[in-house]
């Protein structure tokens, strides 16, 4: 093929790809909403995020705020974080910023580290190849890698929902919209970009996220999207268990787990995600989906949300115990001598299917095995109870007992829980159960006296001090990294 024909071939190929991308977009050229038509103001945006965008622009790269941060600002909510998307590749970003690291396999992104926080920067990505092909086997839709770089319009087209696909450009305070997300926010609609059947096959976790957005943001799921969720719900069985556990842990921190579960039940997803607990609900009430909040599980989660909103400390183990409680409940009435064995045997298939880590499995089993011990309150058992209170799983086990008692309106059990709670407040709760709350008395508020400086006789005093400061700073960044819970499979569409 000569040079002229090669040029024609490449031009034709590029045009076909552009046409395919445009078919996903409401505004192929992009629609701009300027300051007078939207509610985003620079004062509400993280200054460091603006600095990153300005620096990328300085090196002639396009860069925008994207995703949940833009969505939340438009809805009058305070964003949890500010994510950035750019035309610069991860390696190009790393050459511009010293304080960054490249992470991830499925989504290669860059973490730019500031003191006490991390800002995510990702590169524009193209649509998955099968979206550009007319014929593709259904089992090939699932995205396993996503590192093909693209343009801004391609990046918008490949995202999950229209409300998460808006770009904010601080250069002129404008919102760039390719998919109609601005209008959907005004209409309060959750809508998939493109064909929802294909979208949910690419990433089944999007179905869970659609329900979560609907509940947390007060939005309606668009009709085609809702029908596709019911049709493709079994695709969730192909999802990474690690990603699902990450989504569950996010739900548990919302104070609205009960109504998210109600939405999952209504959309037939609870049967897939939490199959065994849902089977228990079906046996007692075939119509459980229509009144989930009146089921034992719905009541337990509602009590938990109420306690969490009142600043009670909750851990994921407490939530999982409450979700699985109906699986083991009947075992307490049977032979107590084999309780531990029977509980392990009942929960093992659930643990394996859901991919719950071994350490957490052991902790959950201990929580369930210990439930009958809360009925022992007499003085003769005081020494035994004192030993029990020192166990690292005691707080979680107690909260499960208390929540079940309240949800079942069991006055005797509530009184017993009150007895235990008095003694519980006389001892500090273990650090492992702190759930980001600051409601306990702070210790050591007095300022520490300055440490005496000793002259380094070898003349390296200043150098040592500099190294110590550098290590301290590095440690602080590391803590910030951990606290942000950004793992290597982090998805830029995350809520």
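Keep in mind that glycine also has a Cβ here, set from the backbone N, Cα and C atoms.
According to TrEMBL, the features are:
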{"type": "DOMAIN", "residues": "63-191", "note": "domain 'Poly A polymerase head'"}
{"type": "ACT_SITE", "residues": "81", "note": "active site"}
{"type": "ACT_SITE", "residues": "83", "note": "active site"}
{"type": "ACT_SITE", "residues": "160", "note": "active site"}
{"type": "DOMAIN", "residues": "218-278", "note": "domain 'tRNA nucleotidyltransferase/poly(A) polymerase RNA and SrmB- binding'"}
{"type": "REGION", "residues": "428-495", "note": "region 'Disordered'"}
{"type": "COMPBIAS", "residues": "443-457", "note": "compositional bias 'Basic residues'"}
{"type": "COMPBIAS", "residues": "460-475", "note": "compositional bias 'Low complexity'"}
Pairwise Cα distance for residue 81 (active site)/residue 160 (active site) [Å, integer]: 18
Euclidean distance between Cα atoms of residue 160 (active site) and residue 83 (active site), Å: 15
Where residue 83 (active site) falls in three-state DSSP terms: strand
In three-state DSSP terms, the structure that residue 160 (active site) belongs to: coil
